[in-house]
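Enquirer: Can you keep this structure in mind? I'll have questions shortly.
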Amino acid sequence: MTIALRWGIVTAGKISHDFCVALSTLPFDEHQIVAVAARDKQRAEEFARKHEIPNAFGNYSELAECGDIDIAYVAALNPQHFEICMLMLKNGKHVLCEKPLCMNHKQAKKLIQYAEMKKLFLMEAVWSRFFPAYQYLRKQIHTGVLGEIKEVSATFCVDLKHVERLQKNSLGGGTCLDLGIYTIQCAQWAFQEPPQQIIAKGTLNADGVDVEAIAELRYSGNRKATCHFSGERLLDNKAVIKGTKGEITFLQFWSPTKIIDIDGKEKEWVLPKGKYPTNFPNSEGLRYEAAEARQCILEGKLQSEHVSHNDSLLFAQIEDEIRAQLGVIYKEDKEQ
């Protein structure tokens, strides 16, 4: 018998819409959306009507306390992640939380320890890693096709000057936590070890958040990753993974359906279309992380091997170090 994972969606924004569209591409007997919660009940109700969700709540506690939900997908503003995830875990819900998992390493560690104590599944939604292209790269590295990985360069630069939350310190703004995370996780996917040194430089806005940065992550054996992220301008956003025997390029590397393989030829994995258009490119690919969450929960796992708790702690540590070098301080950094 197939067991359906019953989802509760936290917030009714753009990415939540895309996530629901992605779930609609998966079998209904495996994934069902049971509820949505937003601070504005009317917004939750409109969202529920659109996505045919039976329950709409005007606060997050009601969703947390709803007995028909197995897992919460948390897509709130960055500074709310810790508190909302804790609320869901306290009420016995598994959690898939949008990146960044938390505002810093300190918060992430507390959250992960609590999830482990509660014996509940918790994963940072680093969706990139579940795309077939990322799984393919891992296999090519593992089987030695690329040789030893020597260098990674990943660029994620888009014009986000109109996005208010990214400009404001109090809303957890800046590019490191929103765009930088993608470049960092890509480097870590290739190297599979913590960097030994980080050198970051960048530009802050008047509110003290980074609008652009370049971080060099240095690994053992004189190997390195260059991570360039910006909310100021659009660049060619790809990642190149270079080994001693050749290289693979991810096009639109954070959600790649196409790569340039080691032989110089393009390889493509086509995404299915959902019942609505998505707000962001390739969001149908959120289906892969949802399927992984279900599989892990069915197997009684508390974490995914592809975005493990240690992975998330390391991402947070790297982000903390980059922000420290850039001079970006959030109020959460000052809390005990």
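Positions of Cβ are set from backbone N, Cα and C atoms, glycine also.
So TrEMBL lists the following for this protein:
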type   : residues : note
DOMAIN : 5-123    : domain 'Gfo/Idh/MocA-like oxidoreductase N-terminal'
DOMAIN : 134-248  : domain 'GFO/IDH/MocA-like oxidoreductase'
Enquirer: Where DSSP helix means H, G or I and strand means E or B, what are the helix, strand and coil counts for the domain 'GFO/IDH/MocA-like oxidoreductase' (134-248)?
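Expert: Looking at the domain 'GFO/IDH/MocA-like oxidoreductase' (134-248) with DSSP, the answer is 35 helix, 44 strand, 36 coil.
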Enquirer: Could you please provide the mean pLDDT value for the domain 'Gfo/Idh/MocA-like oxidoreductase N-terminal' (5-123)?
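Expert: Looking only at the domain 'Gfo/Idh/MocA-like oxidoreductase N-terminal' (5-123), pLDDT averages out to 98.
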